[in-house]
Amino acid sequence: MVGATAYAHEPVAAATRALDVHSVSHAYTLEGNPLPVLDNVGFRVEPGGFVALLGPSGCGKSTLLRLVAGLEQPVRGEIRVDDKAIAGPDPSRVVVFQDPTLYPWRSVYDNVALGLEAQGLLKTRRHRVDEALALVGLTPFKKAYPHQLSGGMAQRVALARALVNDPEFLILDEPLGKLDSLTRISMQGEIVRLWQQKGFTALLVTHDVEEALVMATRIIVFSDRPATIKADIPVDRDYPRHRDDPGLVELRRKILGLLGLEATW
Amino acid sequence: MTLITTILDGQESEASSLSRSNPAIKIPAVLLALAASASWLATAAVTYYMPDVIDFGRVPEFAALSILIAAALIAGVIAGIRQPALGAKVRRLLPWSLALGIFTLIWQLLAGKLGVLPQPFFPPPHGLLEVFTDDYPKLIEGVLASLRLEFLGFAFGAIIGFWVGVALGWSRTFGYWVHPIMRFIGPVPSIAWLPIAFFAFPSSFSASIFLIALTTGFPVAVLTWSGVASVNPAYYDVARTLGANERFLIFKVAIPAALPHVFVGLFMGLGASFAVLVTAEMMGVKAGLGFYLQWAQGWAAYANMYAALIVMAVMCTGLVSLLFKIRDRVLSYQKGDVKW
């Protein structure tokens, strides 16, 4: 895959295990009726990859991420990490949600320290909190409280809170969806940089075609609910990418076509 | 309900009262200071020179106190010219000083000097002053006894209520068994337990602690429960993906997230507990301000009753303010609206 560990400045716990989504189906119960959200979805992510899951909103992409995180169990099929089925949440698979969901009663520093504290590692690995804050450029704000932060800063804290655990899989659930467009563009670059530096496997849910094209090494396009895989498209371009790269523009046309939106483009 | 809204809006109202320019000060401060001062001087003069309808004692002392207030107001305004912070504080007090001065003057005339208000049921201000100067050991003793009882009952109730609330919010089994009991017993006013408590407990003191704890514990339990139940589920998702166990979820996520609710419960419990405290002291406990009130009534010592009421008001307000201070400290993360 594209230079996953090439940019490493520090010892990196690069991803070594593959993620295998194995014919997964899932449904919720809505007023007594089953509501299917995923229909026989299967794909494999090699270690160090950056995969974008793209689809119309409400199609079930986020549900898939909850399953990968281990927050829920699929109704049928299973998700494996190197042939071991996921049974529950694990700090090797950390989620960054659409809302930063920082704890308002904790300072920025304490929010970032959350994972280490929960695992009982805070005493021995305290230095990692400062490293993670430096990584997202928020060291001067470590004593601030979440309500004092802008949306972009809060999302960067959420990113640091995930990275402090050195996850093998970083699960990004539309993490930039609520940010203004300028902040979004700069944070897209920032996440790609962190991915190159750290070598984790990234799974990004988004409904923004351009975002998927700029960030991912591979884009999986989903249909409407219940989600099935419509296309699996490699994005074989170097970083940093430019939005007006003719190769990307061509891919964008193709993906919008798959989503039934070629007329608007 | 107003108490709850005050608590919830606490910060905003504080902030707005700071930013609002003082609307009461339209008339120049000097004129207002003179008027306030004059009202207290008039009170002093009426107190000293007009004869009492019946003898109430402490006449010169109260006249002196009134002059002192008048002088302090003028001195405060003058000192405030040099120190703006002090000046602002004094100016804020001026309208109330004037109103109280006029009230005291009218009270003195009606009660002490003209006898319009029937005596001895409505003693004049210097009658109350006599209680404070002569009977203060008993009043202090009463305050200490009341505080001790209130503190023990409130602490027991708050601690037990808090943990019951957490357990209700967390455990379905606990909820299954305890929720119906709470629904059945909860609406019964604690005072209704008083006759049973007084013979079921070894002493009226321990019975009163039980009643105050019951009164406090109930709202604390309900509010803590609702606080734990309304924690944003995403907070749990975050902690779980980061490797948190259930203990961590309860102590480091649910409880801190529920604390603002818990404080609303504590305020409601505190307010309700005062009623039980005074009732218990009147009915059985042979100490405290409630007992003092009862005793004063028995001796037809009406001035003592008013004095005890004033002391009680100060004590209760003080306790509520103390709880506000504690809340502001514990929930300090909500403070400050600096945005970067």
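Every residue, even glycine, has its Cβ placed from backbone N, Cα and C.
Pulled from TrEMBL, these are the features on record:
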TRANSMEM  B:29-50  transmembrane segment
TRANSMEM  B:62-81  transmembrane segment
TRANSMEM  B:93-110  transmembrane segment
DOMAIN    B:143-324  domain 'ABC transmembrane type-1'
TRANSMEM  B:151-170  transmembrane segment
TRANSMEM  B:182-201  transmembrane segment
TRANSMEM  B:207-228  transmembrane segment
TRANSMEM  B:249-279  transmembrane segment
TRANSMEM  B:299-324  transmembrane segment
Which range out of B:62-81, B:182-201, B:207-228 gives the transmembrane segment (B:151-170) the most CB pairs under 8 Å?
B:207-228
Taking B:29-50, B:207-228, B:249-279, B:299-324 as candidates, which has the most Cβ pairs under 8 Å with the transmembrane segment (B:62-81)?
B:29-50
Hey, which of B:93-110, B:207-228, B:299-324 has the most Cβ-Cβ pairs under 8 Å against the transmembrane segment (B:29-50)?
B:93-110
